[in-house]
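Participant: What Swiss-Prot lists as DNA-binding region is 140-255, and the listing cites sequence analysis. According to Swiss-Prot, the feature compositional bias 'Polar residues' maps to 642-658. Annotation comment: Swiss-Prot describes MET1 as N-acetylmethionine. Here Swiss-Prot flags SER114, SER121, SER124, SER660 as phosphoserine. Residues or ranges marked as phosphothreonine by Swiss-Prot on the basis of similarity to another entry: THR125, THR684. As annotated by Swiss-Prot, N6-acetyllysine applies to LYS680, with the evidence given as similarity to another entry. If you look up Swiss-Prot, you'll see 115-135, 632-658 marked as region 'Disordered'. Here Swiss-Prot flags 105-109 as motif 'LXCXE motif'. Residues or ranges marked as zinc finger in Swiss-Prot (evidence: sequence analysis): 266-358.
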Amino acid sequence: MDKVLNREESMELMDLLGLDRSAWGNIPVMRKAYLKKCKELHPDKGGDEDKMKRMNFLYKKMEQGVKVAHQPDFGTWNSSEVPTYGTDEWESWWNTFNEKWDEDLFCHEEMFASDDENTGSQHSTPPKKKKKVEDPKDFPVDLHAFLSQAVFSNRTVASFAVYTTKEKAQILYKKLMEKYSVTFISRHGFGGHNILFFLTPHRHRVSAINNYCQKLCTFSFLICKGVNKEYLFYSALCRQPYAVVEESIQGGLKEHDFNPEEPEETKQVSWKLVTQYALETKCEDVFLLMGMYLDFQENPQQCKKCEKKDQPNHFNHHEKHYYNAQIFADSKNQKSICQQAVDTVAAKQRVDSIHMTREEMLVERFNFLLDKMDLIFGAHGNAVLEQYMAGVAWIHCLLPQMDTVIYDFLKCIVLNIPKKRYWLFKGPIDSGKTTLAAALLDLCGGKSLNVNMPLERLNFELGVGIDQFMVVFEDVKGTGAESRDLPSGHGISNLDCLRDYLDGSVKVNLERKHQNKRTQVFPPGIVTMNEYSVPRTLQARFVRQIDFRPKAYLRKSLSCSEYLLEKRILQSGMTLLLLLIWFRPVADFAAAIHERIVQWKERLDLEISMYTFSTMKANVGMGRPILDFPREEDSEAEDSGHGSSTESQSQCFSQVSEASGADTQENCTFHICKGFQCFKKPKTPPPK
């Protein structure tokens, strides 16, 4: 090995390998150190390119020399090459052979006797070996409260602590300062080791800091952790038993460095208020709720909608939600807030459908309609009660004993008896079946479904009926073989495949998009269709069928009273509720709303007299504008069925009819078509 490299080259190679000079010639150790240094000094790893080249040159030269030294003929000679001893040739050969060894054979060193050699004896006990001090496994216990104990975490922090040896801490102090451009770094002594504390301008993972430091601590121990309480940790390192060795900022850190000025309190949207508004208005549309709530950000004192007072869902809640709506307008998660509110409405419906009886649910719906009537017909409302009573008169002429029809339907829907839950409205175009079905749907609350689509696409449409009080299968189409004017569709065929849904005997699976399936009894309801042929298997599912016929006087009267269509009075549940209040006795209503029904009967007696309503029906029968009559009050107030009386307005009509039954039909001023009750046009009372 002494001939492989000269002394300067061998010392340089050992320094580059990071090995002690005594390891020269230990090829396995040098090989391991060489591979390790290749990873550190490689330019792709951030190392020194010049050192890498020099180390490769010396190591390759050393390897080549070792191979030559291990060859069989290295250092040997042939006996025939040696001249005869004693001759001049032999002297010359001998000098040449020894000239390379002369400098290595001389050693200019003086040996001094040690104390152990002078005092020790031949039989003395050898000295004990020094015990190896174990490296620490963790930070000192008193610092644990300030450090993060997470081992495998992707959380990033900006303050770190490194626990290592004194020698490595000196190196890491400078390396970390350059590598991460630290805001602050300090080195503290503890026993024979050091603790580094530093703050970085950017956040890093603890594992990234640890991996970088491990490259510089091959044999030395290293513990790296994130710091949760920076100032408390730093102040602890500045007290005994720790000592400050050096720090990047003169005077160190102060407590106020970690206490920034308190920012202004961030205003946050009250999700609870938005949810409360959605529950009060029973809003199930995310975008509708978002739009209505954004309208609240305008000042209530300058709001035109509040001045008109035509939208109860707005002016009744504007002032309460004004402040929260201003914050809501600046929020970035408006849709998430509204989606949660709508989900809460659906959750409320789910709870009500499970815990409330159907009678209680209908009473709650009636209370909702009565509240709405109090608003729109109140002092701040803009609805005209007389126009809604005109709608009552028109609907009452649609079918004989309309109040009884509606009452029987409500009874059927509330009882919800299996196989006796669905009504069929059948008739030609423009006969009024859809108008009545829509009004009943609004009266009870529910959804309208379209089944005129392929059966495989019907699942999500049926899922609309989840947690609903009733449904309406609107305008169901058949084969169209009955008439060329009737279009064909899948409706009747699909309903025939949904017998379990119509019967209500067993629970069925309903599903919506992005929701789990819901198992429940499908809600009862109404089926409307034109004059299609209904199979016997489907006809057996209807407890009652009503055949509608178009009437010219109804169409003519409706065309003269456009407000009924413009304001959708005929399709409103409030119109049917007013019809029930006018015709049915108080005893037919639930006891929970008797007081409110009595109040409305009294109001109708004051504003709409029997004479006025009879004139409205007369105008309907003659195809005239319903409200085209002189506004004159009757001389006597007439009972509407509240208080001690159990009679209703329909009973009053029947008494009038019986009293005038002796008169012939020809003597009547007008006559409503066959099937309806005939009555005389009331005489105009004399002027007061």
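The backbone N, Cα and C atoms fix where each Cβ goes, and this holds for glycine too.
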Participant: Mean pLDDT across the DNA-binding region (140-255), rounded to an integer, is what?
Facilitator: 89
Participant: For the DNA-binding region (140-255), give the DSSP counts of helix residues, strand residues and coil residues.
Facilitator: 41 helix, 42 strand, 33 coil
Participant: Looking only at the zinc finger (266-358), how are its residues distributed among DSSP helix, strand and coil?
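Facilitator: The composition, in the requested order, is 70 helix, 0 strand, 23 coil.
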